[in-house]
Every structure is written in structure tokens, then in C-alpha cells.
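One structure, pasted below without further comment.
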Amino acid sequence: MTVGVLALQGDFREHATVLRSLGSDVVLVRRPEELAGVNGLVIPGGESSVMDKLTRMFGLAEPLRAAVAAGLPVYGTCAGLIMLADTVLDGINGQQSIGGLDISVRRNAFGSQTASFETDLDVPVLGGPPVHAVFIRAPVVESVGPNATALATVADGRCVAVEQGNLIGTSFHPEITGEHRFHEYFLQKVRSAGFRS
Ligand code: GLN
């Protein structure tokens, strides 16, 4: 199984390390040709406005939209979640998203870098103990449309993890805490989708 990691910006190396440790072959995706043959894709954390700009500059935005529409399994963390949201409520500089998740997100919803925090979250779909989640200038899912499903909320009830078909998004960063269950859950989707771009 080959999983692409969008590698234009952000913490793509951390995702690649987790995916390799779980037995996947990893391709760093910077150009449309590198999407060919991947069975799934991870969009890392970083800065979504920059990632959006680079994705368009490198000619990846349309191929990514087409792949998502065709059923490519994609897991986005933080900025990656923003990239997968159909609606970004407060994008800057004409920010666009790839879309696919029937949600609206608000960027930096918990405050600035200094307001970053860690907490434990119940994620019923993963089973087992709570997920230790790190939020870094994290977005919140402000509304979940009828096609998407909330997977986890923080203590005040705000949604921070969603799925829809072959797409998963989390406001937080399992790739930096040694928490592999989200990646495993994603890889199950990759296996059962049998998608090849
Ligand atoms: N605040 C960032 C953005 O808007 C996301 C931060 C992150 O990915 N850790 O893209």
C-alpha cells in the first residue's frame, strides 16, 4: 500500500514516519505526477493559507479535488483539516480549500500559538483509552453538515474530529504524540477503498 503525504509545507515528515512505522510505503507529494499510484493521502499540519497557495502554484489543487471526488481516502490534520473543509469561515488572502468534508471550520479558534494546549479526548470510533491530543493554533469544526459525522469533541462540546466516507480530519496532531490509532483507522479505509490514483 502506498500512501502519499502532501509535502509542500508543514509537518509532513512526522506523518511519513508514522505511516512507515505502520508498514505503508510513503511518497512525498509535491507535484501532480507524484499523486499517481497512491492509494491514500495525508495532508499535514502547517499553515493552511500557505499550503493552499503552494497547492495551487504547484498545479495540485485541481488534481486533488478530482481525486477526492473520485474517492481517494485522505486524512488531514489541523491545516490539513482546513484544506478538506468545504467552507473555511475565516480564510485569508483569498484562501481556497480542496473540500470534500461537509463542514465549516474556523481557523485559530482556540487562540494564538501561546494558547496551544493538550487534552485527552474520547474517540468512540477508535475504541480503547482516550486520545492524547495536541492542539497548535488549531481550527474548530464550527458546523457539521448532514454528510459528515463528528468523531470527537473537546470538553466545551466543540467538534475537533470528523469523517465522511473516505475522508478524516482532526484539529489536532496525532502524528507528534505517538498516537497511531487515527493513522491505523485511516489505513483501514485505504485498504478497504482499494483506490488507486
Ligand atoms: N492555524 C493554522 C492554519 O490556519 C493551522 C495550524 C496547524 O496546522 N497546527 O492553517
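In case you wondered, yes, glycine gets a Cβ from its N, Cα and C as well.
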With Gly46, Glu47, Ser48, Ile136, Arg137 listed by TrEMBL as binding L-glutamine, identify the candidate in Arg20, Arg106, Arg107, Arg158 belonging to that site.
Arg107
Cα of Ser48 (L-glutamine binding site) to Cα of His173 (active site, charge relay system): how many Å, rounded?
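Here the two Cα atoms are 14 Å apart.
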Counting Cβ atoms within 10 Å across all protein chains shown, which of the recorded positions Glu47, Glu175 comes out on top?
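Per the Cβ count, the most surrounded site is Glu175.
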Using a 6 Å cut-off on Cβ distance, which of the recorded positions Gly46, Ser48, Cys78, Ile136, Arg137, Glu175 come close to any atom of ligand 1?
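By the Cβ criterion, which requires under 6 Å to ligand 1, the hits are Gly46, Ser48, Cys78, Ile136, Arg137.
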Tell me the Cα distance separating His173 (active site, charge relay system) from Ile136 (L-glutamine binding site), rounded to the nearest angstrom.
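Computed Cα spacing between Ile136 (L-glutamine binding site) and His173 (active site, charge relay system) is 8 Å.
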Using the centroid of the Cβ atoms of Gly46, Glu47, Ser48, Arg107, Ile136, Arg137 as reference, list every other same-chain residue with Cβ within 8 Å of it (recorded L-glutamine site), in sequence order.
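Close Cβ neighbours, site residues excluded: Gly10, Gly45, Cys78, Ala79, Ile82, Asn108, Ala138, Pro139.
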Return the residues near Arg137 (L-glutamine binding site), defined as same-chain residues 6+ apart in sequence whose C-beta is under 8 angstroms from its C-beta, sorted by sequence, else 'none'.
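Residues satisfying the criterion: Cys78, Arg107, Asn108, Phe110, Gly111, Ser112, Gln113, Ser116.
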